[in-house]
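A quick write-up on the structure given underneath.
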Amino acid sequence: MKLLEGKKVAAALDVTMTKRVADLKQKGVTPGLAVILVGENSASAVYVRNKKRRAEKLGIKFDLIHFDATVSEKELLDKIDELNHDETIDGFIVQLPVPDHIDEDKVIEAIDPKKDVDGFTPVSVGNLWIGTPLTKPATASGILMMLDHYNVDLDGKNVVIVGRSNIVGKPTAALMLDRNATVTITHSHTKNLKEITQKADVLVVAIGKAKFITKDYVKDQAIVVDVGMDRDENGKLCGDVDFDDVKDKAAMMTPVPGGVGPMTITALVDQVIELAEGRANG
């Protein structure tokens with residue numbers, strides 16, 4: 001079994017992305033990424049810190065706008081409008097979740113689709129499904145970048161995605177359809193899940209259930225992409241796939257940690273650089 005090591009792929013791509021940023025700076029353009037964080041959610045704070053570290057390592061300008069949890073919806077929407085018009089910011093994110101008194105849909109819809117590096121606005125989602133995305137959701141895009149690095153050809157392959165979230169399941173399906181894969185999306189109401197996953201040449205799992213997928217769900221020599229980030233009974237980090245049980249059956253497989261996780265931020269910063277390249281080329 002070959003490991004799909006997102007951590008190593010991310011490091012390799014960092015080299016080319018650093019050069020792209022340097023080339024942009026020679027043209028007088030510095031890529032800019034902003035993140036809006038509301039309140040003190042500890043998981044969100046970790047995600048933001050990782051984005052900041054990665055962006056700054058590559059030479060991307062990083063702005064963190066941190067509001068108290070008591071911020072009004074109007075104040076937040078005003079800041080989004082300001083970022084929409086800020087020419088030094090190529091893309092920005094509102095780190096979700098936001099507090100209950102703020103309408104999350106209204107916040108997402110306020111983001112200019114041209115700067116929507118999370119790919120969450122209705123316009124971005126529509127563009128993704130008709131095959132003309134300006135931006136792509138980072139985890140889905142990161143999965144494709146990793147499979148490309150390992151020369152996995154999706155054309156004509158049976159892909160089964162376990163999980164239908166707007167962040168991972170649905171956008172991954174859209175991107176893989178675009179590569180001419182035959183895609184099945186399964187979820188908590190799917191009957192005979194095992195029979196469906198056993199037909200998958202490529203199995204993508206994103207359900208948030210520790211070690212849920214065991215070898216009897218997996219076809220011989222399948223490629224298994226584990227998007228889960230869970231804790232096992234001993235508190236140890238693990239994925240949605242039981243790695244030790246499945247590893248001898250799969251042809252390729254992502255570890256957790258070090259698989260999909262590093263690729264999510266890679267895809268995000270790659271997108272910011274791409275938007276900056278568009279700005280530099282007028």
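Indices start at 1 and increase along the chain as displayed.
A Cβ is built for glycine as well, from the same backbone N, Cα and C atoms used for every other residue.
Pulled from TrEMBL:
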DOMAIN    4-118  domain 'Tetrahydrofolate dehydrogenase/cyclohydrolase catalytic'
DOMAIN    137-277  domain 'Tetrahydrofolate dehydrogenase/cyclohydrolase NAD(P)-binding'
BINDING   G163, R164, S165  NADP(+) binding site
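The 10 Å shell around the Cβ of S165 (NADP(+) binding site) contains 17 further Cβ atoms across the protein chains shown. Around the Cβ of R164 (NADP(+) binding site), the number of neighbouring Cβ atoms within 10 Å comes to 17. Around G163 (NADP(+) binding site), a 10 Å sphere centred on its CB holds 22 further CB atoms from the protein chains shown.
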